[in-house]
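Features reported for this protein in TrEMBL:
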type     : residues : note
DOMAIN   : 26-279   : domain 'Protein kinase'
REPEAT   : 362-418  : repeat 'RCC1'
REPEAT   : 419-472  : repeat 'RCC1'
REPEAT   : 473-524  : repeat 'RCC1'
REPEAT   : 525-590  : repeat 'RCC1'
REPEAT   : 591-643  : repeat 'RCC1'
REPEAT   : 644-702  : repeat 'RCC1'
COMPBIAS : 759-781  : compositional bias 'Basic and acidic residues'
REGION   : 759-824  : region 'Disordered'
COMPBIAS : 803-815  : compositional bias 'Low complexity'
COILED   : 898-932  : coiled coil
REGION   : 957-980  : region 'Disordered'
Amino acid sequence: MATDLEASDVQTAPTGANEACQETSYLFVKVLGRGAFGEAVLYRKTEDNSLVVWKEVNLARLGEKERRDAMNEVEILSLLNNTNVITYYNHFLDQDTLFIEMEYANGGSLHDKIATQTDLFPEQQVRWYLFQIASALTHIHNYGIIHRDVKAMNIFMTKTDLLKLGDFGISKLLESKGEMADSLVGTPYYLSPEIVQGASYDQKTDVWALGCVLFELLTLTKTFQATNQLRLAYEIVRSEQGEVDPCFSNHMRELVNLMLQKEPKNRPSTMDILDHSVFTADDCKANMEKQVWELNSGARKLRLQSSSSVETVPVIKSKVTEVYQWGGGKRTPQKQDMFVKGKSAIQVAAGSAHFAVVTMEKELYTWANVQGGAQIVGQLGQGNKSAYKAPKKVEALEGVGIIQASCGEDFTLAVTDEGQVHAFGSDYYGCLGCDNEEGDEVLVPILVDYFNTRPVAEVSCGQCHVIALTRDRDVYSWGCGEFGRLGLGSEDDFASPQKVETPGKHFIKHVYAGSDSTFLVTTSGRVLACGSNEYNKLGLNSETSGLRKQKPKIYDIPCKYTFSTVKPLLRFNIVTVSAGHTHSAAIDLYGKLYTFGSNKYGQLGVGDFKKKSWICRVSGVLTGKRVINVTCGTYFTVAATSDSQVYSWGNGANGTLGAEFLDQGKGPNSQSISLPRTLFGSLHLVSHLSARHWHTIAIAEKVLNQKTLKSRISSPKCEKNLHKVFVPSPPVVEEDGLFLDSDDGLSKPRVCINYLGNEEMKDSGKPDSPEISESKSDWKMPPRAKPFTPSPVGGAAGYSYQDSGRPSSGGSDRPGSGGNREESNIPDWLQAELQDADFIPFPPDVLPVSPPIQHPGQPGGPSIYADMEEMKEAENSMKEQKLIKSKNTEILEKDELIALLKQKLTDVELENTELKEQLKSQEKRMKSLETQGDNETFLQQRIWHHIWTWQQECGISGGATGGDGSETNGIEHLNLQESE
Ligand SMILES: Nc1ncnc2c1ncn2[C@@H]1O[C@H](COP(=O)(O)OP(=O)(O)OP(=O)(O)O)[C@@H](O)[C@H]1O
């Protein structure tokens, strides 16, 4: 049926140019330079106006090995996601030219920086640089990668003094960390003694090169120099570098000597470097971690948050957890009364004709919703083939603590708190993982022995295959292998778990099986996919246009037998994926929702039914909201947001959208909607969702009453100040000691509230420590975001609030709502709340709820239970707060609110009138200046600048920039804004 319905959607390879690929995606800016094999060109990407570098590598004159190296660079870059490493976005091979798209570092290279430095760098600055390069190397070493070409020229800089390690042209991914590489590569000055001597080497060769860079930073000269290569080699092997100026601390001099030890084993690892006393004194390391995060998150927010303007933080006063199902003939959500207090559901799963629910008590319940000839073949695990219509406990699992379950088409798998896996239902494709030893239909749960010694963190069932993630982060798959969905390099079926090789040392965080596809999400927010890419539902197709020497092209990939990076998603930090039958969805760290695949029934949620060959961002009513959960059915999508709304869209036949259609028209899309539409009439905070075929099941906490605090965290107007608005949490260190990028799903960006014009927004521009200000040069720590501390007087400027049972319309950006802190009318109780950093900046839904996963070594059971504990604690603390605030809360009367709003509006009107007058006078002044001739241009420029500054301060977009060379007339723009 699917194939027939979607026939018109099928893409043929190579695809002819369509609407999308005729658009220019890239605008040429300039050629950055030429390397040995091609040039690096700067482009502006029209999609988000970001600057990117396309490195063209001419492979025609490359030897076989060099070709491999180039491809190696691409593969390796795509695995990495770290602030101090150049980010990889895309690549393609066009005949003999390999095109690689990567992040642009706008501040030159460290080599240039050293070359133009006249006085010695202050120690603090050297420390700052060393910290960043050591962090970058720690990241790549953790992935089993040796860079092998660390040198000042390959360390790029941003204008904010962030360093980014790039040019992985000759890096080599080692299969295991213990392996020693033996090929002779590198740049003479930075070659390690072991490479010069032709011996094997490991990650410590990068430490040597880093030692050379450090020496260069400390002395402004090369560590080893000679008039010829042979002499240089001799000097390197002798390993007797020169002296470092005694103005540097003993710690620093000791460290550089350690790094330049001839014997690799005597050199510190990059982790040791970061733990050296150079960094541990005075909380220096923590400050630098924070600094890197802040500088990077500022830049990233500019790119990613451009249309997000409102952050809504629901404060749930009371709630009841309920389980709802709909679809399969049930046109509105049906409540399952079984799951009430004492049996509250924590996780749900939908199969084609059955459901499974895991409760807080670690019990498993199953039941059926059989339609159209579907049969019960044991998928309920009840010991018979009855189609129980109401939830029934799986008695055979009595005494076993079930913490997660997943449903395939006609089978079920359940994970215990000890990491064991139980399976039941159809074993036709070998999905029960027991080598078909139990027959085709297994009516009671059996243990998948294979995992007895390999505890499992989570499983995900596709239509007829399974993917499992162990607590050691190994991935296993089994079942039907058609289209390569098992990621095992073939289409073979397997009736027992098979270990999946993923490229590089990925740290897999979650696994998701679709009907005939599979996704993996890494700890660094990367997405890998394999299986059928029909309709581009894996997002593996790519297209380019606007590149010089390059015709617009679509690279259509029908299926993948091994896991590959989903390149169009590399720009985002993905935390959750849902794989549907015809389309897929992904949520990023900021709660933005992306969809890709077939759009025949509007299932991509972008307002039309047209075919899309790219990744879509679902905005519309979701703009400014944080999506916390998403699930894809066959032709529909359901998503839940943090402000307690549930939306559905796509094909509504058979009740899949959980809402009645009042506007049924004619034609193929008569029962479809292409934009998200709310599903419940009241507020429901959804902690877990699952859809398959045409069924959906959800755990919804009915929010009986909620107060919504809204904060403008980002709007086009205040984007330039975004980096000052976000207060970062320090990067997270995982139990196994690995550094996770701050952008990893595990870190929680603390959203603080501020506005243009607030004092908080000003740059201090001052050095961070006395040590710097006393330094020889005028170097300063990069501008640092001032943590926002709401002041007791008007500190909450920027919040508006409601107290109703309905959510806010969301996204409203009322004029003047961001007034001066001193003039804030925010009531005291709210100010007090805002000062409670634990309460406001960490909404419980910052991380989308996903199937439970227990990290290795993590005490206290699966994370979902920890989450529940946290939620309970949060609820208790909220109750306490409620008591304290009960007095103040009285002013939350409607009349008070209306009065406040009116006052605010009056203030805004006054401000606007004042502004208009000021502008008129400036207009007059400018006109008179214009008449004074060319020699007045300088003055005009200053006036333009003033007008532009006002516009920015007043949050008026499209500012006047005529004075510094742009085409727009600022006053015209301004008037237009006002009249609007
Ligand atoms: N991501 C980037 N951001 C900013 N500048 C870059 C980036 N990548 C390359 N460049 C600049 O572009 C120029 C050419 O770079 P390219 O990598 O092609 O050659 P190379 O590194 O100089 O030589 P080779 O690749 O042969 O080692 C260099 O000046 C480099 O600084």
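Note that Cβ sites are derived from N, Cα and C of the backbone, with glycine treated the same way.
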Can you find at least 3 Cβ pairs under 8 Å between the repeat 'RCC1' (362-418) and the repeat 'RCC1' (644-702), where each pair is 6 or more residues apart in sequence?
yes
Run through the repeat 'RCC1' (525-590) and tell me, per DSSP, how many residues are helix, strand and coil.
6 helix, 31 strand, 29 coil
Across the repeat 'RCC1' (362-418), DSSP labelling yields 3 helix, 19 strand, 35 coil
Secondary structure content of the repeat 'RCC1' (591-643), with strand meaning DSSP E or B
3 helix, 19 strand, 31 coil
As a quick check of your reading of DSSP, tell me how many residues in the repeat 'RCC1' (644-702) are helical, how many are strand and how many are coil.
3 helix, 30 strand, 26 coil
Which numbers of helix, strand and coil residues does DSSP report for the repeat 'RCC1' (419-472)?
5 helix, 25 strand, 24 coil
Using DSSP, what is the helix/strand/coil residue split across the repeat 'RCC1' (473-524)?
3 helix, 23 strand, 26 coil
